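**Student:** Feature list, courtesy of Swiss-Prot:
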DOMAIN    3-166  domain 'EngA-type G 1'
BINDING   9-16, 56-60, 118-121  GTP 1 binding site
BINDING   204-211, 251-255, 316-319  GTP 2 binding site
DOMAIN    372-456  domain 'KH-like'
COMPBIAS  454-463  compositional bias 'Basic and acidic residues'
Amino acid sequence: MVPVIALVGRPNVGKSTLFNRLTKSRDAIVAEYAGLTRDRQYGEARWQGRTYIVIDTGGISGDEEGIDAKMAEQSLQAIEEADAVLFLVDSRAGMTAADQMIAEHLRKRNKRSFLIANKVDTIDPDLARAEFSPLGLGDALPIAAAHGRGINHMLQEALGIFPKDNVEEEGEGEPASEEVAEGEEPTRIPGPSEKDGIKIAIIGRPNVGKSTLVNRMLGEERVIVYDQAGTTRDSIYIPFERNEEKYTLIDTAGVRRRGKIFEAVEKFSVVKTLQAIQDANVVIFVMDAREGVVEHDLNLLGFVLETGRALVIALNKWDGMEAAERDYVKTELERRLLFVDFADIHFISALHGTGVGHLYKSVQESFRSAVTRWPTSRLTSILEDAVQVHQPPMVNGRRIKLRYAHLGGANPPLIVIHGNQVDAVPKAYTRYLEKTYRRVLKLVGTPIRIEYKGGENPYEGKKNSLTARQVNKKRRLMSHHKKAEKKKKDKRR
């Protein structure tokens with residue numbers, strides 16, 4: 001499971017700066033959930049092939065009232081959700097009473113914590129270590145978040161306590177280890193899902209019908225193999241079979257009785273949701289058709305898109321809507337979900353089972369699209385046809401040239417295109433290529449990523465050397481030029 005690391009500390013010690021440094025300010029996957037987690041930000045980060053989730057919290061000063069007390073409460077909740085805590089202190093300001101209070105709380109919770117002395121760019125790191133040693137959390141790790149100093153050592157220490165089972169491997173967004181032979185048919189890249197079947201995460205806002213859908217999918221007509229508790233918090237991994245196909249449901253809403261079709265008010269956990277997305281092969285995103293698309297839905301869909309997971313969208317509670325309401329919702333979906341237009345959309349009633357069975361076909365197609373690989377000849381042929389129909393634009397009087405393409409990875413498919421001036425390819429042309437590959441390869445339910453690589457200039461940095469013929473020509477020209485200059489001088493005399 002993907003580790004979760006919380007950044008805590010009093011206000012203005014550099015938590016947000018460190019958060020942006022770790023997540024590389026990837027705004028598309030950083031979400032603020034109004035009302036639910038108004039003072040926590042969640043972001044995905046990667047370091048040396050390892051993926052982890054970072055929580056940025058509000059500051060704790062110890063004398064909070066009103067909304068500040070809510071901020072402190074959110075920070076303490078983040079500590080409970082996290083697997084490890086990075087406790088930031090300000091080296092310039094020195095140790096404060098608030099620092100001592102936070103350290104005491106961490107010791108009581110027996111939470112794996114790392115003391116991080118920030119802003120050491122103008123202070124001796126040894127002095128910072130000595131200053132904060134009374135906190136009783138071990139030696140402080142000195143960093144300067146604003147300049148990136150000490151970050152690698154800090155991550156080495158913090159991530160070193162976790163097993164390396166979340167390092168990205170083949171079939172999980174990394175390049176495939178072997179090329180598809182020319183003329184070979186497209187094949188699936190085997191992944192961890194072969195044993196437990198396709199891993200499906202059912203996610204969505206609270207009270208959209210996730211629990212009802214889980215119970216419907218695990219109904220009595222299905223063969224449930226066994227129930228196995230997840231390794232992190234309350235997520236439950238439930239392997240089951242349907243039509244002799246294996247699946248594993250990742251249920252973030254906790255254990256519930258089979259056959260109890262009731263959607264209680266859930267306690268929404270962002271961490272469990274993000275971890276389920278990371279661990280899944282396919283995400284079924286559930287929305288309430290009566291409420292339409294809200295901002296929170298877009299935030300979660302953005303995270304799914306950034307992680308590259310295959311996606312199926314389910315509009316629940318469709319059965320009780322009037323025709324005019326349905327038309328309006330469909331119009332809104334077309335307008336607001338353009339960025340995930342590759343995903344199948346199903347209109348279902350989890351309570352009555354209407355349309356639920358059709359989800360499995362989309363899950364299968366999405367997974368197959370995400371893990372299929374194609375030979376270089378096939379991808380290059382599609383590229384050549386696309387360029388012939390619509391050529392890349394001119395840059396500085398020269399046409400961008402795209403020469404060949406090959407598969408760089410799967411889940412999601414990564415297509416690497418080689419050519420000249422590729423750094424100038426417009427985003428609109430990249431979208432055109434994505435749609436072309438999606439149409440020709442008949443890809444459904446998975447994002448596509450295109451990466452460009454330019455050819456190296458073999459003469460870059462080298463001085464041109466003239467041939468013997470060019471040297472003789474240069475001599476003749478220089479001789480002719482000198483004679484002409486001499487004649488001009490003679491005439492002036």
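Cβ coordinates come from backbone N, Cα and C, glycine included.
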**Student:** What whole-number Å value do you get for the CA-CA distance of Asn207 (GTP 2 binding site) and Thr57 (GTP 1 binding site)?
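**Tutor:** The separation of the Cα atoms works out to 26 Å.
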**Student:** Looking only at Lys15, Lys210, which of these binding-site residues has the biggest number of Cβ atoms within 10 Å around its Cβ?
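**Tutor:** Buried the deepest by this measure is Lys15.
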**Student:** Cα-Cα, whole number of Å: Lys15 (GTP 1 binding site) versus Gly204 (GTP 2 binding site)?
**Tutor:** 28
**Student:** Could you check which of these binding-site residues, Gly204, Lys210, Trp318, sit within 10 Å of Gly9 (GTP 1 binding site), going Cα to Cα?
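**Tutor:** Candidates kept after distance check: none.
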**Student:** Quick check on the domain 'KH-like' (372-456): DSSP residue counts for helix, strand, coil, in that order please.
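**Tutor:** Result for the domain 'KH-like' (372-456), in helix, strand, coil order: 32 helix, 28 strand, 25 coil.
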**Student:** Can you tell which of the binding-site residues Asn12, Ile60, Val120 lies nearest to Trp318 (GTP 2 binding site) in space, using Cα positions?
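**Tutor:** Considering only the listed binding-site residues, the nearest one is Ile60.
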**Student:** Which whole-number value in Å describes the distance between the Cα atoms of Val120 (GTP 1 binding site) and Gly204 (GTP 2 binding site)?
**Tutor:** 42
**Student:** I'd like the number of other C-beta atoms within 10 A of the C-beta of Ile60 (GTP 1 binding site), please.
**Tutor:** 24
**Student:** How many Å separate the Cα atoms of Gly204 (GTP 2 binding site) and Ile60 (GTP 1 binding site)?
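**Tutor:** Spelling it out, the Cα of Gly204 (GTP 2 binding site) and the Cα of Ile60 (GTP 1 binding site) are 30 Å apart.
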**Student:** Identify which of the binding-site residues Asn12, Thr57, Asn207 has its Cβ surrounded by the largest number of other Cβ atoms within 10 Å, counting every protein chain shown.
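**Tutor:** The residue with the most neighbouring Cβ atoms within 10 Å is Thr57.
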**Student:** Would you mind reading off the Cα separation of Asn12 (GTP 1 binding site) from Lys210 (GTP 2 binding site), to the nearest angstrom?
**Tutor:** 39
**Student:** Could you measure between Thr57 (GTP 1 binding site) and Lys210 (GTP 2 binding site) for me? Cα positions, answer in whole angstrom.
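**Tutor:** Between the alpha carbons of Thr57 (GTP 1 binding site) and Lys210 (GTP 2 binding site) there are 28 Å.
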**Student:** Using a 10 Å radius around its CB, how many other CB atoms surround Trp318 (GTP 2 binding site)?
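**Tutor:** A 10 Å sphere around the Cβ of Trp318 (GTP 2 binding site) contains 21 other Cβ atoms.
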**Student:** Could you pull the average pLDDT for the domain 'KH-like' (372-456)?
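**Tutor:** Summarising the domain 'KH-like' (372-456) by its mean pLDDT gives 91.
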**Student:** Take the C-alpha atoms of Ile60 (GTP 1 binding site) and Lys210 (GTP 2 binding site) and report the distance between them in angstrom, rounded.
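**Tutor:** Here the two Cα atoms are 34 Å apart.
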